[in-house]
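*Asks:* If you look up Swiss-Prot, you'll see GLU47 marked as thiamine diphosphate binding site, on the strength of similarity to another entry. The annotation Mg(2+) binding site is assigned in Swiss-Prot to ASP463, ASN490. The region 'Thiamine pyrophosphate binding' annotation in Swiss-Prot covers 413-494.
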Amino acid sequence: MDGVEIIAKSIKNSAIEKVFGIVGVPITPIAYELQAQGVGFFGFRNEQSCSYAASIVGYLTGLPGLCMTVSGPGVVHALAGVLNAQSNGWPMILLSSSIDQSLVGKGGFQECKQFESAELYCKKCYYLTEIDHFPEILKDAIETSLSNRPGPVYIQIPADLIKSKCKESPNIREAAGYGTIAIKSVVPDMKLIKDAVQLLSEAKRPLVIGGKGAAYCRSENELLEFIEATKIPFLPSPMGKGLLRDDHPLVVGAARSYALKNADVVLVLGARLNWMFNFGKAPTFSTDVKFIIVDVDENQASKTKNPNVVPEIAIVGDARLSIAEMRKLFIGETDEQPQPPQDSLIKSMKMEESWWSNLNQDIQVKTKSLATLMSEPQNNDQEYLTYHKVFNALRVGGLFQEDTIFVNEGANTMDIGRLCIPQTLPRSRLDAGTLATMGVGVGYSVAAQICFPDRSVVCIQGDSAFGFSAMEMEVAVRYKLPIVFIVLNNNGVYEGLESMSDPKYTSSTESASLHIPPTSLSVDTKYELIMQSFGGTGYSISTISNLLDICKQIKSKQISLPTLLNIKIKPTGTKPKIVH
């Protein structure tokens, strides 16, 4: 067997069904052999977007996505997705070629310190020295990527090994199953679980925050049972939305600011008290708030290592297992007594009635305020659309189904979209995440549609965010992915210009560089033509009536997908009225 066949067979035997990558010397034969082995290969136009796609696969499926690149620049480009996977805690495998072993340090083709670069962001890096070791390295890489706090790993294969030969060995034939590797969940300390339940039961204004870590470990069923048993208010992080339906009566997303500021005990479940939560500090939180942190990351669930807060109780453990045990303690359920007793801890909870009444009052005010913004009419066809008007039309037009995967990226586009589009299922709202990475949207959408071919995928981006990966429209068309891409086009980053007719913008390159605002992009760019040029469908939209008509055609399958809707919105003065 040659190296190409060994690599492809090992990947196939380990049950990896799809690989994302960009071919080149010397990995092109591997891509062909993967296809011959029945493994789907999805070729992208840039390793950055390709690696973003591989990074989100781990979150969506619970199993690492595999990104394959050439050496040197290919690896460097793909490190964007590796860093994204590391910061979000998602499993991922980056597999790349490198210079022949005999040529290291001699200035060979695309030689660079790629291994050292990958070490900065990966849980573990592997440098292959014998091709017949690849199957066992792949097995270890998968296990490492999935275990404890998930994250990316890197496998580097010198070009001479890819071209080498060896006899087929048992470890090649018997590569451990990708989908069958048993990864043990991190079991929480039951004493700490009991302490957490006691503290929550004594709280007057308790709150549960659920993050994408809780979503990753599939804790939604256990979390729902816990929240409904205790009646403790639940607040999702941006990508924790859908753990409980946004319209569940115990979800307080609309009263986010009030809930955070007034809670006295907060159970943080698979979320980090980072910049999204003002690092757990005032004025976002009360100065005397007590935190219970549950996380598989020992640095987060620690009284000494957490960089932002000293939690009252720190539990290193799987969110699903932890919340299930907490519910049992609250209701008094045991293996010997599966039916809850009459004197369960639920009845002795000290949660104030005013806590819920005040939250509900704030929810009503904020919900009404948001509804007012969204329901503002477009008075005439010449009036600019706004973010809220567009999101309202998309909802009214029925573009979002119960199981739609909503990819949302941009600045204003993402912030307002989080509020305007309700979520009903976990892991179904994908955004810029912990790292606030711009450029992830198209790669995420492609990966989501590949992973879930029977679900609709809607990607809504600002025009700036779309620009990072616009060429990947060709990938969506090539693989016949029925994604709806929507670009909210305000001619800029945050805001743009309504016109560039002023001579100071057009008279010369020097004048343009001195006068065009740094936030401005070209005016009225026809992004829909990008999709059309590849054979997809695209539309320029500037009115609500036109948008509703297009939504109707998409729903009735009168429009072939993928499609891109280039929606023109007000370029200036659109500082969003974020409602929390």
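Cβ atoms are placed via backbone N, Cα and C, with glycine included.
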*Asks:* Could you give the Cα-Cα distance between ASN490 (Mg(2+) binding site) and GLU47 (thiamine diphosphate binding site), in whole Å?
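*Replies:* Roughly 28 Å, rounded to the nearest whole number.
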*Asks:* In Å, rounded, how far does the Cα of GLU47 (thiamine diphosphate binding site) sit from the Cα of ASP463 (Mg(2+) binding site)?
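*Replies:* Rounded to the nearest whole number, the Cα-Cα distance is 21 Å.
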*Asks:* Write out how many residues of the region 'Thiamine pyrophosphate binding' (413-494) are helix, how many strand and how many coil, based on DSSP.
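*Replies:* DSSP classes over the region 'Thiamine pyrophosphate binding' (413-494) add up to 33 helix, 16 strand, 33 coil.
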*Asks:* Which three-state DSSP class does GLU47 (thiamine diphosphate binding site) fall into?
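*Replies:* SS state of GLU47 (thiamine diphosphate binding site) = helix.
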*Asks:* Over the span of the region 'Thiamine pyrophosphate binding' (413-494), how high is the average pLDDT in this prediction?
*Replies:* 96
